[in-house]
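Visitor: Dropping a structure here in structure tokens format, bear with me for questions.
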Amino acid sequence: MFRPFSANADPRHQTLALIVLGLVIHAGFAGLLTLSVDEAHYALYGHHLALSYFDHPPMVGWVQWPLVALNAPDWALRLIPQVLWLVSVVLAWRLAEALRESVAAWKMASEPGEPGRWAVLMILLAPVLHVLAVGLLPDTLVMALVLGLMLVTLRICHDQGASTGSWIWLGVLLGLAGLSKYTAILFALAVAGMLWINVGLRVLTRKGPWVAMLIAVVLVSPVFYWNATHDWISFQYQVAHSSGGHWRAYRLLAFVGLQIVAFGPLVIACVVGTIRFLRAHPDRLIIGLWLFFLIPFAVTAYMSGGGRTLPHWMAPAWLVAIVIGANPVSAHWNLGRRKLLVWLARVQAAMCTIAFAALFFIGIPFTSPDHPLNQKNPLADLWGWDKAGEIAKDLSLEHQIDTLSVGNWTLASRLAWYSRPLPVVVLDERFDQFDIWFGDFKAGQDTIFVNWSQAPYDPPVGETRFEQCDLVGHFNAERFGRVVSSFDFLLCRNWQES
């Protein structure tokens, strides 16, 4: 029978054991799986170093550049998100304990180490947070930076803005967050709201906030410079991408349900516990910190009605909810109200176990390739692309072809990473980062077209395509003797311009 904690054990020792368990799990999968769509895309940022990029600010590429320049293997690149996860977990642990010391009701309700233990457990039981711990996404960076922002803003509120050093740190963290993801502006609003609630507008009469703003603006200036020299395409893309379609309530309900699956039902306990506490004890510090969750949640939930959200976008905000909610959850546990918490923890542990097993087998084991569950297997993304990239490079050398091609950018990211430095041209009509890097075909040009079974395309033959395409290679990506997906390699001759 799974229970969250053993009796009479030191909570600090249990917390350390949970962190070690998380690190072991992440290290195992980091060495097993090939890079995902987004991981490969951002690794290519490090290969094509720039001041910014079409769809994101540059930090996710900058931090990988040294390892990419050294031609480091995938597992080495994945050390970066593992370290960031560790930093986030330690900060969450520290913040949960700091909040216990800051709020009298929470200090009376829990012993030292207990809220931090709950925070770490809930992080470990959140499925999507494991994804961000193995694969480096902008949200992986933002998670650590947001917790750092909370800690620094909390210090500024405690000393009423007297420490210049805290303001400098605030500016640095805001700038780094802005270099990581555009939605960092939501957490900047949370910082402003917390300072207004706890310090007041008089803080603007001091030099500290102006120093922080200056530092942040200087740090994010490369993004503005790059956009100014590229017709502001990144900002235009973000506006179009976030606007979505017609707003529908059912999409909002689907968003909430998907969030519960992605991060586990214990996060709902955190939200409910925090709201109940604030209704009984309207503590200004907690109200201010709650903005770090409330603002991004409200904005993302509204965007979901237009159909333009992904589950991991809420990861930094849910991490905030876990940090704050760890104290009311711990208090609830200590009052003897444990059945629901135990049940929720078991559900999340089962969810993670099933997810880990599916990742290990790259899908549902003991099923045939023709089984309906394998026709659209999302985990097939993580297997076989390294070998496919090698085959594409060999075929390009054999047939003296200097350019590869695919049907869309999601396929291009893996192929371009594993066949680098060969250019990969995307044959769809959408303008994206690959058009900036590799451009379009010229009349008469030849290519190796790579077709993947999980996202197949018709051979690109026609009046405004290639004159002919011939199959020159095939590869089955297998796991434990089961075909996960397959790749066809077509030699396409004579690109015909319209």
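Our numbering is plain: 1 for the first residue shown, then up by one each step along the chain.
Just so you know, glycine gets a Cβ as well, placed from its N, Cα and C.
Annotations in TrEMBL come from automatic prediction, not curation.
Annotated transmembrane segment per TrEMBL: 16-37, 117-147, 167-197, 209-228, 248-273, 285-303, 315-335, 347-366, in sequence order. Under the heading domain 'Glycosyltransferase RgtA/B/C/D-like', TrEMBL lists 55-226.
Explain the structural surroundings of these features, please.
Guide: Non-local neighbours of the transmembrane segment (117-147) in the same chain are 4-5, 11-12, 14-15, 18-19, 21-22, 25-26, 29-30, 33, 35-36, 38-39, 42-43, 56-57, 59-60, 63-64, 77-78, 80-82, 84-85, 87-89, 91-93, 95-96, 173, 176-177, 180-181, 183-184, 187, 261-264, 266-267, 270, 292, 311-313, 315-316, 318-320, 322-323, 325-326, 329-330, 333, 345, 348-349, 351-352, 355; each lies 6+ residues outside the stretch with a CB under 8 Å from one of its CB atoms.
Away from its own ends, the transmembrane segment (167-197) comes close to residues 56-60, 62, 138-139, 141-142, 145-146, 148-149, 152-153, 156-157, 161, 203, 207-209, 211-220, 222-223, 238, 284, 287-289, 291-292, 294-296, 299, 313, 316 of its chain (Cβ-Cβ under 8 Å, at least six residues beyond either end).
Tertiary neighbourhood of the transmembrane segment (248-273): same-chain residues 122, 125-129, 293, 300-302, 304-307, 309, 311-312, 314-315, 318, 321-322, 324-329, 331-332, 340-341, 344-345, 347-348, 351, selected by CB-CB distance under 8 Å and a gap of 6+ residues from either end.
Counting same-chain residues at least six beyond the ends of the transmembrane segment (285-303), those with a Cβ under 8 angstroms from any Cβ of the stretch are 99, 102-103, 146, 149-150, 153-154, 157, 183, 186-187, 189-190, 193-195, 197-198, 242, 244, 247, 252, 255-256, 271, 274, 277-278, 309, 313-314, 316-318, 320-321, 324.
Counting residues 6+ beyond its ends, the transmembrane segment (315-335) has Cβ neighbours under 8 Å at 88, 92, 95-96, 99-100, 103, 105-106, 109-111, 114-119, 122-123, 126, 128-129, 132, 139, 142-143, 146-147, 150, 187, 259, 263, 266-267, 269-271, 273-274, 276-277, 286, 289-290, 292-293, 296-297, 300, 341 in the same chain.
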Visitor: May I ask for the residues of the chain that lie six or more residues beyond the transmembrane segment (347-366) and have a Cβ under 8 Å from a Cβ within it?
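Guide: Same-chain contacts beyond the ends: 2, 25, 29, 32-33, 125-127, 130, 261, 264-266, 373-374, 377, 379-380, 382-383, 479-480, 482, 484.
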Visitor: Is the transmembrane segment (209-228) packed against any residues at least 6 beyond its ends, judged by a Cβ distance under 8 Å, and which are they?
Guide: 50-53, 57-58, 161, 164, 167-168, 170-172, 174-176, 178-179, 188, 195, 203, 234-235
Visitor: In terms of Cβ proximity under 8 Å, which residues at least six beyond the ends of the transmembrane segment (16-37) contact it?
Guide: 43, 74-75, 77-79, 81-82, 85-86, 89-90, 117, 120-121, 123-124, 130, 133-135, 356, 359-360, 381-386, 410, 413-414, 417-418
